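See below for the structure under consideration.
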Amino acid sequence: MENNNQTSTDFFLLGLFPPSEIGLFSFIFIVLIFLMALFGNMSMIIVILLDIHLHTPMYFLLSQLSLMDLNYISTIVPKMASNYLFGNKSISFIGCGVQSFFFITLAGAEGLLLACMAYDRYVAICFPLHYVIHMRKRVLVLMITGSWIMSSINSCAHNVYALHIPYCRSRTINHFFCDLPAMLTLACMDTWVYEYTVFVSTTLFLVLPFIGIACSYGRVLLTICRMHSTEGRKKAYSTCSTHLTVVTFYYAPFAYTYLRPRSLRTPTEDKILAVFYTILTPMLNPIIYSLRNKEVMGALRRVIQRICSV
């Protein structure tokens, strides 16, 4: 839908689903993924909250990841689904700003949180005797609040810039949510300054944490290889490989999307990559962490037995 009326402040999202049977099938598939993500992340939060065996720093950080993923996917999918169902692709100027703010905040916070989780595993495996000191409650609170605050400040800076520039072309955004780089292709001024800030933000919130994660896990793998206990080595390897799987699913498409110059990006490719870090990753995280973690599965059984007995 195109709208060249300059008096309108609404944007129009072209969406993800084509008006065909394939689009309907894709819509149903995405809704099922959304429901799985809601159930999976809520289950992880409840299990970690109710089972005392999971009241440890690692699982506290994992519950925060589930909370972020729960809000993350809820920021994107409901609006996209309602636009498809009701055929109304418009989103208000303020609504677009709010969606963009929460998207950038949650994306940045999750990137930092994954780095905190890697640090937790690094300390637990490389310095087990100092784990209680390095990962005490105050440190955990600082990690979580720091991730939220830094990401919120970054999101505010991006949105203040994007919402105060003139949009003089069509207000049709070729995306399924208010992604600021996609919005700024509609601006009637040179936005090279913003493209530079996107590169800087992506480096700070994705590239540097990823480098930190890679370095910490390099040290962790060396420590695992030196372990004498086969059971301890197997448990440590399972935990680390699980986290690395989540990190790869999240960082790779995100960094590939936002570190490329605009001339090398296409709307279709951006939308496909966005599906990975906005929809698939929030659904996969609880599955990966629960199915490959005996402690979580054991806690889930205990919570279910407790509920059934009540």
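Here the Cβ of each residue, glycine as well, is placed from N, Cα and C on the backbone.
Owing to the predicted nature of the structure, the values given are computational and were not obtained by experimental measurement.
The domain 'G-protein coupled receptors family 1 profile' annotation in TrEMBL covers 40-289.
Beyond its flanks by at least six residues, the transmembrane segment (22-50) meets 16, 59-60, 62-63, 66-67, 69-70, 73-74, 77-78, 80-81, 84, 279-280, 282-283, 285-287, 289-290, 296, 299-300, 303, 306 of its own chain at Cβ-Cβ distances under 8 Å. Taken from TrEMBL, the feature transmembrane segment covers 22-50 (among others).
TrEMBL lists 139-161 (among others) with the feature transmembrane segment.
Here TrEMBL flags 193-215 (among others) as transmembrane segment.
Taking Cβ pairs closer than 8 Å, the transmembrane segment (236-252) reaches residues 110-111, 114, 117-118, 121, 125, 206, 209-210, 213, 217, 220-221, 223-224, 227, 276-277, 280-281, 284-285, 288-289, 292-293 in its own chain, all 6 or more past its ends. The feature transmembrane segment is assigned by TrEMBL to 236-252 (among others).
As annotated by TrEMBL, transmembrane segment applies to 272-291 (among others).
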